[in-house]
Amino acid sequence: MSHANRKEITGLTRMTPKGLKELCKKDKLYQTPRLNDVLYLHYQGFQCIENLEEYTELKCLWLECNAISEIQGLEKLGKLKCLFLQNNLITKIENLDPCRELDTLNLSSNHIRKIQNIGTNILPVLNTLTIASNYLKDSDSLSDLIQCKTLSVLDLSNNRIDDILIVKIFEQMVSLKVLVLQGNPVVSRLPQYRKTLILACKELTYLDSRPVFPRDRACAEAWKRDGYEGERKENNRWKRAERRKTRESINCTIRMRNSHRPPDQQDPLLRSSDSEDDTCTETTRKKVALENDCVDDLWEEVSCEQPISDHGTSTSSSVEDKDGTSSQDDLIAEKLSNRGTLEGRPTVLYENEVSNIKSVNQNIKNFEPRSIETKVFQDVSKISPIIIEEKRVPNINLNNEPSDVKNRKVIKCEKTGYTSTGQVLKENVFDEDAEIKNVEDMVQCQDIIKSNEDMNSEFVVSTKLEKDVEQTCIALRNEAQCKELDEDQSIKEIESKLINEMYENVAADDHDKHNETVDLNLKKTASAQHARTFFFEENKMTRRFYQEDKKSSLLAKSKEEALLEEDCIISNEKCAYDLEEIGRQMEEDLAELRQSTQKLVGFSIDEDADSKTDSEIDEEDLMAQQDPYSPLLQQQFKDRRMKIMLKEETKAQGESIRDLNITLSNESSSDDKQDQLFAKLLDDATENIPKRIFGTGCDSLSSAWPQEECLLQLTLSEVKETPDQEIVFKNSITNSSSFEEANEICVRIDQKMAEEEAALGKLLHDLENEANTKVKHDETNSSKESDAARICTSLLDDIMVELTFNEKRWHEKPKSFKFGPIESDDEFSYSFEPQLEKLVPPALEDPARGKSLRECLDTFSDFVSSMADPKLPLMLGRNPTSGVEKIRAAQELLKSKNLAELYADTAESLNSQVAKEIEKRKRRVAASATRCFNQRDKYDDTLELVQNRLMIVKKDSGDLEELPPPPPLISDTESEDYDTAEDEYTPGNGGHKHTHGSKPQDSKEHLMNNLLKQKQDKPDTVEEVGKKNDHDEDEFYSLEAMTTFGNLDAEFFHKLDLQKVNDSEDSESAINCMRSYNELQAYMKSGSLKHQLNSEDTKMLQTMFSTVASDGKPKLRNPKGEEEDDLLKKMVLRMKEYEEREHQLQLVPHEIPRELSPIKLSLGGSKLFEQKNKIPETGLVHAENELTGNIQFIDNKKTNNDKSTDAIEKNCEPLVKTSCQTSNKSIDDDIQSDVSTDYESGEEVLVVEPPKLSDAVLKSLYSDGFEADLKMVHELEEATRRNLYRYHSNVMHNSTNNHSFSTKKTLPTKTSTSEQSVGAKAKWAKIAERLHEFLDPETILRKEQIGERDACEDSEDEDFAFEENNFEKDEKLIISEEYNSTQNICDGNSGPSKLDGSDQFASIKGFENITEMPTYNMELNSQSKKKTSEKLSNEIENIITTCSSFEAPTDSIGIEYFEDPTLTQINPEGLKTEQIECNLQILNEDGDVVVQELSVNAQVSFE
């Protein structure tokens, strides 16, 4: 079924540009296609996508609900982002490569069976793919989705997918967020469909018809981990977390309301009803744990289960602590619901194994304590308890191994918030002392439970506790430094190293604490007693809180429940008290440990050793005996301590010991500030603790985590020194704001700045020295290089001069011919050069030949690179002249005078010019805008296309109105003297108006001077002519002539296929004319050259020609009045003769022109001649020279006694000029000819018969400027009417014999043949005069549109240029043979009279100035003109045949029939003259019978 039939049957439509524009108009889009970014083509019945090439800016294209079967036609839509192709007939996804920015693709309801060609390599930003309701079936059809790395929305609903392996495909789609699979069989086949897909797609947020919430994902992960039970628990946790969140928001509102009410009117807080059972279970478990003296679970509750509360009041916090309504599940679920701060594990930093406790205890026992007397305990009464919250709790680990009962101690330390490095200490202080805290905190936890009973024993052993704390600090520090010495690269070691450096930096400020007197220790007992009373008060207070909460219980309890709740209340009260005590003890312990560690830095080992008394040494020995550690461990620890002491000796030297006696009042007054600051530090230190995301193993302790997860979750923060904060903390904590302290700080800063300044000065000095040495080195190198460069330049110049000279000499030699091996046997041939591979590449054999220095350097660099990397392509074959030309052009440019003007322009002047141009452009834009605004009312009407014209349709009346004319063009110059081409041309008289003003008639002297100048500058003249020709070729402005004559050109060139020419009797006259091709060209050129000189210039030129011809040198004559009078008289006579002849020709009735028909060309052909010669131009040059010479001989002979020579020679002068002009134009073998006219030399050259046109057609082709041509044509028409139709074929057979050199032909035969040939020539001449213009649209346009150029000067230039060329070519040519043969022709034609010696001499000399010599008179009557034309035609043909006989026995050269419009310039220095001898055969018309044989001797000049 054909395409057209299918279209008719289906009724489908095509996308056409017109239809698309109509749709744009309907949708109120732009009519210019590229301005639209959307296009609505849905519901149109289109069967294919086409004609969208112009819509290059489209971003959205709607094509749904059509009949499109193939994706195509999108090649130009590179910016398309959305393509909607649903409800079509598409079977394959293809041809989307050009749409690289496609984001959304909808292919629903098509016939697609496989997803393909949409990978990231083709559609790199594809985000949404909708491919529902297709024929997708299995995982193979979806396998290409893995390549879609950016696809996040995928709709596969209502397909036929039943393969469960698609889950693996979705698992590999990293960006998939939305997936729609409903309507596929696989939904029912997948077990646990929704959970499976949620687990497979990590980023999935929407599945089928509802979102994927975080709760869904958590339940799915729990189901994967623990089955349905885990899923149920996880679901309950989320539900409780949601209820808890709601309850907390309500309780917060109740608290805000209660804060403004009296206590008796306050509302109770809400409690959880569904978690009562969990609460009872928890309280029972706690009670049992307390009775069994096990606090592991209690500590877990402390570290993990504290309710989150912001910095609220202590009342609300304690109420929340006493609620007891929350469980571990509640808290975890709540944390999970707040995804911003997920905390699935205890917020602890480091947990250590049990062995750490033992090793620390051993280290403590084995180490000798120092400086026990300096231990200071502060008054505890100043310390306010800090409420422990889960976010703020210091992260201290507790290992589940109870310590030995003997080592249980309660440590009460001096609480100080002192720090000197701000943020560094905040982040590190809790992490660094983890081991110490583990030991001490376990001790605290176990002892605080029985704190009421053991309070007295605490104060008894306080001295021992003080020593234990000191030993613990020393042990930690020494152990960390031992690890540093052993270079154990673990996290603990790195942190210890950092904290040691920090302590050393701030050691200088810590000396105020180490020397306090022993009397401060007297405060210990009072402080402890005060603390005990404080604890008991706090205990009572907490009991009251619990009792109040209990009263607010709304439910009635049974007796057992009441008893159980009383036990729970007791346990809760203890727990609350213990929590507060632990928090306070922790802060005191931390402060004491930090202060003790800092004090150690400031001590020197020698002073400590001197300060020890015998009692202290005995006490240390006693302690060492009491410690239960083995002697081996004690010895090892002593060795390590010796290493550390040696290291600290070097560090401690040079540090001065400062003793500041600060009173107890000052200490107590600064305690409040220190407490507040340390509380802030403690809060800030716990802010950056990394939280672990809830996941697998959330309930396990962090000691059981794998090492990789520890590193991921607990990253180390960078330690950065902050000097500004350091100074602030020093001043604020230590209150060292005295004048001396400030002076010391200033001195230290000054010293530091001085050191930095000295270092900078030294660096600057080094840089200056380096720069100076580099400058000196560069100077020495440059001086050396300049010498080398000068030597190389001179050498290269010499080489280049020699090579250039050799190259010139080589060019002057004649071409040599290479012969092959002469011997028969190549193997033993000595003359045959063996084919060996050259070692040096040809491009490097003569690298400097004809090259500049730059090219030589480039060649050398290419050679070096080729040697370094042989795989690189060889770049040595560069054009050797391009660089030279560039250098010469640059030199000429530097010498030009315009550069000075160019450099004279400054930036200001150029900016001012640019500003003027911008201002001018703004004015034009403003004017255009004003014009448009003034006509705004008109443009409310609509534009419609009426009869292929754009018309204005009035909105109110509906009338049609023409468009207003466009505004006149504004010229760039905006000047009134702007000349255009139209100003120069004045139609009507065919003349030209000179653009430089009207020239007066020039005198003879002026004309002669101009001619002499032109002769001297002959090369320039030829170049100018070439330039003028180029200029003429550039002046082509329209293609109308091509459309008018295109068909005729095609027909003409088709008929130029001369193989198809048939010889016929009707074409014999045209064939005869074609033999005198040069005469034909003369006719063609005569019209265009005849009237381009005015009469006065023509007269003067002809007089000068005669003078130059006779004397050989132009003589400057003084103007004489008589000669001028004679010239004027002759001019008047000639004008009268022209008028009479014109009148006679007008009386002759002309044929009535018939209706013009299409121009057709007939075919005809003959063999003109063959030229067997390798010299391309000289043979023809001789032919032209002989031709003009013969014309001169004939005219001289016929008009010896004629006294009106000067007047009549003007008639013949254009003929001679034209023949000379065309001598170089007719044949140029160097220029490649047209394809249709490129003949082989052995083929027969066929001739085109001229077209038979009516006189009306010919006359219509003439322009008004050719009156003189018309006169000659009318005269020739008479001969045509008399002779053309009486022409018989038998005469044509005899015509070829008339062209030979035979002197036996009689005059009457020749005359009759000549008359008939003249008729054909006349007919052909009429056509040929205008044929080249008729076929050349450039000529037509040049003459009709632009106006003819002033061809007078051009013709003079051409004449003299060709005279010089011909003169130089024929300087040494001997014409004896040609002269004799020509003389025979003249004798046979006009009688027995001979040329005398002077005429011979003149004729020989005539070859030197061939075109300067005037031709002599032709009779004015038509009869004499006919005879002359007959003789001329015969002689021309004979001479051409003679010239073609200058041959060498080589391939023949065919003469082409199309003239070359450009001039061929021959260099006279390249000519060579040789004597040649050849045999000449004159053939008949068919070219197969030899009519006559001649032998010719001549001297020939050739290149």
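All residue numbers here begin at 1 and follow the chain in the order shown.
Placement of Cβ uses the backbone N, Cα and C atoms for every residue, glycine included.
Sequence annotations record features per position, and here Swiss-Prot assigns repeat 'LRR 1' to 34-56. Summarising the annotation, Swiss-Prot assigns repeat 'LRR 2' to 57-78. If you look up Swiss-Prot, you'll see 79-100 marked as repeat 'LRR 3'. Residues or ranges marked as repeat 'LRR 4' in Swiss-Prot: 101-122. The repeat 'LRR 5' feature in Swiss-Prot is assigned to 125-146. For 150-171, the entry in Swiss-Prot reads repeat 'LRR 6'. Among the features that Swiss-Prot reports, domain 'LRRCT' is placed at 185-223. What Swiss-Prot records for 249-280, 305-328, 956-1033, 1295-1315 is region 'Disordered'. Marked as compositional bias 'Acidic residues' by Swiss-Prot: 973-985. Residues or ranges marked as compositional bias 'Basic and acidic residues' in Swiss-Prot: 1014-1031. The compositional bias 'Low complexity' annotation in Swiss-Prot covers 1303-1314.
Beyond the repeat 'LRR 3' (79-100), the same-chain residues lying 6 or more positions past its ends with a Cβ under 8 Å from any Cβ of the stretch are 42, 56-72, 106-118, 122-125, 130. Across the repeat 'LRR 6' (150-171), DSSP classifies residues as 6 helix, 3 strand, 13 coil. Note on the repeat 'LRR 1' (34-56): DSSP counts are 2 helix, 4 strand, 17 coil. Across the repeat 'LRR 4' (101-122), DSSP classifies residues as 0 helix, 3 strand, 19 coil. Residues in the domain 'LRRCT' (185-223) partition by DSSP class (helix H, G, I; strand E, B; coil) as 22 helix, 4 strand, 13 coil.
Confidence over the repeat 'LRR 5' (125-146), given as mean pLDDT on the 0 to 100 scale, stands at 94.
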